[in-house]
Structure formats: C-alpha cells, structure tokens
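Data block below; observations after.
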Amino acid sequence: WGQRGRGGGGRRGLSFHTQYLQDEELLLAAAYVSDAQYNRNVHFETSPQAIRLYHFYNHWTMRAATYFFIWVDLALALFEEPAVFPLPFLVTSIAEVLCLTAFFGRLVHFAKVTPQNVFWKDTKNICVVVTIVLTLIDLVIYGSLEAVNIRGVRWSRALRPVFLINFPESRQIRRAFRSIRNTLPDILYVFLLFLFSMMIFSLMALKLFGDRGLRMVDGRPYFTSILDTAFELYALVTTANSPDVMMPAYELNWWYSLYFITYIIINTYIFMSVFLAVVYNNYRKHLKNEIHTLAYLKRHKMTEAFNILKVKVGTEFVVKEARWRQLVKVVAPDISSSHLELLLRISDEGQTGHVDKMNFLRLADLLNIRVVTINIKKHPLETWMPRVYQSSTSLLVQKMVQHRIFVWVYDVIILINAIFIALDEKDSLISYAEWLFLSLYIIEILLKLYTYEPSAYFGRKQFWNWFDTLIIIAALLATVANTTIQVLFLPALFLVSEASFSPRFRVIVTTLINIGPTMLTFGGLVLVVYYAFAIVGMEAFHGKVRFLDPGSGSPDAPVCGNPALKDSAFAQGRYCKNNFNDLASSLILLTELTVVNQCFALLADGFALVTHQAAKLYFIGFHIVVVILIVNIFIAFILEAFFVAYSLEKSEVETAIEKKIQELGVGVQEEEVQDGGLIDNMDTKDSGFSADEGDNRKKALKGLYFRIASKKYKTVDTLLQQMFESEIAPEGKDPSLEEILNFSPKKPNFDNLA
C-alpha cells in the first residue's frame, strides 16, 4: 500500500483498509450491544480475530450443540447400570467421552476469546475443567474394575449437572444457585433456632413418653431414642406422620395432645412461616443486587458501543443513520425492514439522520421488545360487495360485535352452558341445550369473521382464535357423529373452549405464558438437585427394595424383595415400586418426597430398615434443600413475577419506549387487538411516516402497523429487570463502575474490559 500510495491503487488500498477497520469496529460494537441485549457478562478480547470468534461462540447453532451434548450426558444415566434401558458399558463410556470432548472444545473456544488471566480466575471454567478430569478418572477406574468383574461406584455421575450450571448459556440457573448460596448465611441462624426448638421438644418427649412402654402403630418403640424422636418430630413438621405419631400418647391421656398441638403451632406454623419469609426476603435482596448490577453493566456496554461508532456533529457526538442500520442488521440479522424502520424512527426522533447517545443506549431494550408487524387489508366482503358491507345494517352488526356488551353476553352464555354440562346429559332437554349452545358459539365465530378481516383473525399470532375455532369444529363433528366420543369427550371440550372465549381467562393464561421462562429457570434448578440426589440414591440404595409381581408366587413379593421389611408399614403399604433401582424410579420417588404427605416418613423408615438408620439423613437433607429452600423460593418468586406481569396486563403500564412507539401512530396496544380487531383500532393512514419526508419509508411501511407485545418478555432478565425497575436509577445517573460491582457479592475483574 505504501508503494502504491502515489496512484489510484494506493487510494483504493487506503479505502479498503479504512473499510476493514470500520467493519471490525462494527463487529466490536455489535458484540457489546448483543451482550447488553442478552445481559451477558463476558470479558472478551478486542482483537479482530477474537471478536469474530466471539460472534461465532454466541451463534445459536453453537449454543444448541452445547445443550444437545449436555442433555445427552445427563440422559446417559438411563442407559447405565442401574439402567432403565441397559446398554454395554463400552457404548455409554464412548458416548460420555464424546460429550466431554464437546465440552472441552467449547471451553477452548471460550478461552480463545477471553484473556487468560480472566479465564483462569473464573470459577465456572475451573469447575468444568475439574469435572472433566474427575469424570475421566472415574471412567478409567470403573472400566478397569468392570474388566475384572468387580462392581465399582460411578461417583462422577452426580457431577454431571455441573456442565448444565457452569456453561455461560445457563447463566439464569447459575444466578439462581448463586443467589441461594448467598442467602444461606442469612438464614442459617433461623434454621439453627428451629433445630434448637425441635431438640428441646425431643428431650421433652423422651421424658414424657420414653419410660411408659408405648408402641407406634407398626409396633416400633415409642420415643425411646433421641435420634428416632428427633426424626419423628421433624417428620411431624412436614405433617407426614400426623396424627399417627400422636395417637399412642393421645390414647394414654388426652392431655398429652397439648404437647403435639403446641409443637405443631410453634414449629410447623410459626417457624416454617418465618423461615419462608426470611428465605425469600434474603433471596430477593441478593437477586435484586444482581439485577441492579446487570442493568448498570448493560448501560456501560452500550456506552462502549456508542464510543466506538460515534462521530461529532456540531457540538455533540452521535451515530450516523447508515452506521446505526448496519449495527442493527449485525446484531439482529433476521429483523424485517419495516421493523428496522420503526426502531430507527424511535431512535432518531427528529429525523436528523443520526442517533444521539441517549437514544442509542436504549437500543438493547428496543431489541428486547417484541413487535408484531400487521399488514392491514380490506375485508373481502368490502371488496366484493362494498354497498352491502358498508350498509347501515352491516355497520350496526359490526359495531355490536366490537362492543363490550357482546363479550358480556357470551360470558353469561358460557356460565349457563357450564351449569347445563354439570347436569344429567341423558335428559332430552339437556341434549337439545347442547345443540343450542353449540349453535351460539358457531354464530359468534361467524360474526367475528364477518366483522374482522379473516387473515387478521387467523393470523400467525392469533392462537386463541385458532384454538376456539378448532374446538368448536371438533365439538360439532362429535355431536353430529353422535358416537361415544360425544358422551365422554364433548363436555370437556366445551368447558375448555368456553373458558378460552373469556378475555379475563386469556389474560391469566397469557400472563402464565409470559413468566414461563422464569419458571423454566427454577425448573432447571430443581432438575439439577433432583439429578444429583437421584444418582446418590441409586448408588446408596440400588437393589435394596425390589418390586415383584404379587401373582408370581414369590415369597419375597410381600416384603419388596427384602426380609428386613417384613411387617413394616413400607411393605404393608405396597411401596415396593418406590425404589432407586434406575433413574426413572428415583426421580418419581423424589417427586413423591417433594409432595411430602405420608411418603416422607414411610420411605425414610423403609430404606432405613434395609440399610442403616443414617439413611434417614438422606431424606431429611432432600427435604431441607428442595422443599424448605428451593420450592418455597420458587413459589414466592413465581407469585411475585405473576403479580408484576398480571398488573402490567391489567393497568396498561407502558415503558417510555413503548410510549414512543404509540406516539408514532403506527403501533397499537396488545389489549386493543384481541380477537383480530385490528382495523377498527387503528388509523387507516400510515401516520408517522408521511410523504413529506421524501424517502422510501412510506413505501416500506405502506399498509403495515405494529402490535406492541413487549409484555411477552423476550428474556428472563427483561422480566426480572421489570420487577426491580422502580429501584434502578434513571439513565444518566449511573453509579461508578466500582459502585456497580459492589452491588453484587461476586466482583469480576474488569481490568481487561475494553
């Protein structure tokens, strides 16, 4: 280039070099914006090669492949001894080695884009490396023992959830674990106080009942050992052995019932309620700090992206419109041209040809708002018979269908129909009534199709309209056929369909769908704990309890294949299928333990009989971790998430970004387009993109409007940020980077952050 600088080739070379630098800057800015959009907190190198590798690292195919191998690795427990579907050890070991190779490759890829000093200071990377090494060691040892016909223990299988937790793709599950871990010290004192109370009552029980020669219902000694007494009272907190544990003392003297009533009031109702409050309050505090950190870091990343692309226009720095368009296309390559134009109009309020810093910082939030493009068309009847469709009678019918009274009338019809379904359908009057109600529902759909443009009514996003129509068609076919399907299935179809007609019902279901990602996060958390406990249970209790068909005539069938269970409540209750003989059985048993009920005491006692009394610690540990800690947090958090999402649906609260979209006149609120009511709720002009602008925007958006669906959160982080939005400082008032990192107990090293 230097030698060719005197001629046109030199200028072309210089232009190419400038374009290359601009492309690299664009990729770097896109990486920051993408990280801000998905709240990724990754410290990556800023060299051109590292940036391209980082974009490839975040590609959906790479994430999908990682999850595929994670699930394959977890599913291997179904095929390994003890197995649901047995496969040779060689097959499962090869599959596991392939999974470990994929994990190692993913880790190497991550190391290529991250500074080495940052990579090795990251705990999750160290966990993955250590788990891979330990798994390989376990495979070699177990394989060697198998070769000489010695049964080994596959202890590394309990570590498999580490891969699910520690890869960057599972940051939601990792965050939940981290928040729980940070919560534990805060709740430790409450839990110790609970244990102290339980031990005091255990000592009281020994003094009151230990020397009276009483027996449990199954013949066991009654409160003669401190450990047995403590376990029985712990089980009483879960109500698993109530009222069985009280009955021997109650039969002796009714005054003794006061002891158990007092214990239940103090430990079950007071302590468990306080424990739940303390657990959730502290969990929410730590989660809020993490969300604060993510929100502020997102702004810092957007600022970095702005600083890369900014140019000076007048007295302020801005990003040129062409550059902004290129950035959005790199971050969201599948974005439609109309959607991109809408985002540009929001960001470039004054149509100046550039985007200022304040509006640029909102790009990540804009990309997280779901916008459905709606193509406005005339009703076919208006095209075919304009005079008839626009007549006064036709307009009156359309107005009636669009009115709220129409919805209220059908609410009443649904209520009456539900009453008729509950009555004896063999009555001839009831059977005629079914035809009447079915006719009314068909009329409703026909009226809506007459009022609303059919392609809008049956649009890709109009799930409820499709659902209602298919249910009514199925019910009509079942009624006409007059077969068994009608008798057994039609009433249930009607109940589901009728409920779906109600907008109030739809709001609740839609809200549940909106918080689905949050529930899935906790679902992953529970899966990890279940899997680890299942593997430990399989290694500890495999083969101790077996289900034998009672019809086989085997003498061991009544005692679940183990003489130690003779005359036990476990065997008498026919709990033989509740065992740890394979992964599926183990997960079912753990699910029963989560529900608690009578299973907790019976299962713990049963497995203690076939092994050792220390086995009860396994069941107590599971109950503490899953039921008391995780399930309580899950319930409380889902309730709060539901209230946030539901209140947004009911009160039409909008963010500043949503309001801007509404102000343009090309957007409609989600509530206004239910049942396909699109045209009546919008101006027929392409407002906000007038012909005066002298560009192609009007052509690009001709006939197009936008349905705002931002309440359907694109990411879990969006919902979490919404929950704590009122406690986050407004833009322009961000704390310093050091203050931001002090919000969270985990303080990453930002020395290498560009």
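Glycine too: its Cβ is placed from the backbone N, Cα and C atoms.
Residues or ranges marked as domain 'Ion transport' by TrEMBL: 56-285 (among others).
According to TrEMBL, the feature domain 'Ion transport' maps to 403-647 (among others).
The feature region 'Disordered' is assigned by TrEMBL to 730-754.
Taken from TrEMBL, the feature transmembrane segment covers 60-79 (among others). Counting same-chain residues at least six beyond the ends of the transmembrane segment (60-79), those with a Cβ under 8 angstroms from any Cβ of the stretch are 85-87, 91-92, 95-96, 98-100, 102-103, 106, 109, 157, 160-161, 163-164, 167, 169, 531, 534-535, 538, 582-584.
Annotation comment: TrEMBL describes 85-105 (among others) as transmembrane segment.
The transmembrane segment annotation in TrEMBL covers 126-145 (among others).
Among the features that TrEMBL reports, transmembrane segment is placed at 187-209 (among others). Tertiary proximity for the transmembrane segment (187-209) is limited to same-chain residues at least six positions away from its ends with a CB under 8 Å from its CB atoms, namely 222-224, 226, 229-230, 233-234, 237, 248-249, 256, 259, 263, 266-267, 271, 274-275, 278-279, 282.
The feature transmembrane segment is assigned by TrEMBL to 221-240 (among others).
Per TrEMBL, transmembrane segment is recorded for 260-280 (among others). Within its own chain, the transmembrane segment (260-280) is flanked in space by residues 183, 186-187, 190-191, 193-194, 197-198, 201, 233, 236-237, 239, 242-243, 245-246, 249-250, 628-629, 632-633, 636-637, which lie at least six positions past its ends and keep a Cβ under 8 Å from the stretch.
Residues or ranges marked as transmembrane segment in TrEMBL: 405-423 (among others).
Residues or ranges marked as transmembrane segment by TrEMBL: 429-450 (among others).
Annotation source TrEMBL lists transmembrane segment at 470-495 (among others).
Per TrEMBL, transmembrane segment is recorded for 515-536 (among others).
The transmembrane segment annotation in TrEMBL covers 617-643 (among others).
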Interface present between the transmembrane segment (85-105) and the transmembrane segment (126-145) (three or more C-beta pairs under 8 A): yes
Local confidence of the prediction over the domain 'Ion transport' (403-647), expressed as mean pLDDT: 76
